[in-house]
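Copied over from Swiss-Prot, here are the features:
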| type | residues | note |
| --- | --- | --- |
| ACT_SITE | SER321 | active site, proton acceptor |
| BINDING | THR104, SER143, THR144, ASN145, THR190, SER322, LYS327 | L-aspartate binding site |
| REGION | 320-329 | region 'SS loop' |
Amino acid sequence: MSNNIRIEEDLLGTREVPADAYYGVHTLRAIENFYISNNKISDIPEFVRGMVMVKKAAAMANKELQTIPKSVANAIIAACDEVLNNGKCMDQFPVDVYQGGAGTSVNMNTNEVLANIGLELMGHQKGEYQYLNPNDHVNKCQSTNDAYPTGFRIAVYSSLIKLVDAINQLREGFERKAVEFQDILKMGRTQLQDAVPMTLGQEFRAFSILLKEEVKNIQRTAELLLEVNLGATAIGTGLNTPKEYSPLAVKKLAEVTGFPCVPAEDLIEATSDCGAYVMVHGALKRLAVKMSKICNDLRLLSSGPRAGLNEINLPELQAGSSIMPAKVNPVVPEVVNQVCFKVIGNDTTVTMAAEAGQLQLNVMEPVIGQAMFESVHILTNACYNLLEKCINGITANKEVCEGYVYNSIGIVTYLNPFIGHHNGDIVGKICAETGKSVREVVLERGLLTEAELDDIFSVQNLMHPAYKAKRYTDESEQ
């Protein structure tokens, strides 16, 4: 045997494994069988950590129940700590994220890596599985069908905590701009038509509150992930486990993760059902819808600058055209739009894969995992990208904003309590026909005085409309 290889054996025969590899023959075959993408399990450190946490919890439970030798359990626990605390072997998970087998390749990859780390800690060589075996010891009282989804759930839950932090930081960025723009009057619009005045601060605060609602929704649905089927083994009957194992393993998992994990009410149902993933990714889709809408608004509000709304200025980040000089585009809102489109597409993937299970197992969980990890990852990055490269640098064109208000026919709505709806119709029609302002027409018709208009159209009143009429002209008067 060469110093560069070691021989390992499985159901299908013997294979040469690189001597320095911590993975084994099962992982090697998975590498050879699945070459779909350039994305590996190693590229998702949260997933690796989630799987290792499951293995640590299982080893702790097995140690307490004496289902494996104490020295072996201690070696597995120590191997898990090497990965969790020191990042050891995070590059030893080379299996493609797209894979058949319901996650068996990921589970065995984890078993092999931990077994070989444990063997070294015990003073043995990699591959000397007679002392510490990937199946008989690391995978004791487990099946891929409970270990894999439990590790996946822990990993997604951990990732969602980071996403929530990113959303909150973005929300705070909008809130800061809301305060900065609180006294800037602008025209509100419905159906892209002038409606009634508001402040730019109110518009940005609405963005902030919108994101606050999404945080609550994500946190609420994320709790579904903490109901796990650890101890279910193959189909949920708990085959080859002591009756005490499942609740004890889940208790140990809660200790290892720091999350309030609980056993599923029915392990057979939990092993076959993927409804929690549909719910959680649905929350991600809802966030994507809201973020995309915000970016649409930012692009529209900054449009122009000469022939658009031009109410706000986005930071100028790069030249916008290879042919048109001096053109700058809203590239960050555009990329966030695209992120949101991808997340919405991933939601369809999760939905179809969750529906595709048969009988006691859904073998499509790997693609659910790929979609969910990708969605959480790109949404997290999008929040920071939008905050740092766009929101923090937004400035307002106060004169433009206020000019739209005072030149708009829409502000005649504010005069309804003072001049009546019918007179408002007449004023609006004259403004549209002549191009005159509402103020000009109202004064010409003697409906209100300069002083009254100054009071009604003050920033304070437009921000907080007072409906108690100081003067009212009956609609019958002409």
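Quick reminder: no glycine exception, Cβ is built from N, Cα and C everywhere.
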For THR104, SER143, THR190, listed as binding-site residues, tell me which one has the smallest number of other Cβ atoms within 10 Å. THR190
Using a 10 Å cut-off on Cβ-Cβ distances across all protein chains shown, tell me which of the recorded positions (THR144, ASN145, SER321) has the largest neighbour count. ASN145
Rounded Cα distance, in Å, between SER143 (L-aspartate binding site) and the residue listed as 'active site, proton acceptor' is 55
Compute the C-alpha separation of THR104 (L-aspartate binding site) from the residue listed as 'active site, proton acceptor', stating it in Å without decimals. 49
For the region 'SS loop' (320-329), how many residues does DSSP put in helix, in strand and in coil? 0 helix, 1 strand, 9 coil
Of THR144, ASN145, THR190, LYS327, the binding-site residues lying within 10 angstroms (C-alpha) of SER321 (active site, proton acceptor) are LYS327
With every protein chain in view, how many other Cβ atoms are within 10 Å of the Cβ of LYS327 (L-aspartate binding site)? 10
Confidence over the region 'SS loop' (320-329), expressed as mean pLDDT on the 0 to 100 scale, is 74
Give the three-state DSSP assignment (helix, strand or coil) for SER143 (L-aspartate binding site). coil
Under a three-state DSSP reduction, the secondary structure at THR190 (L-aspartate binding site) is strand
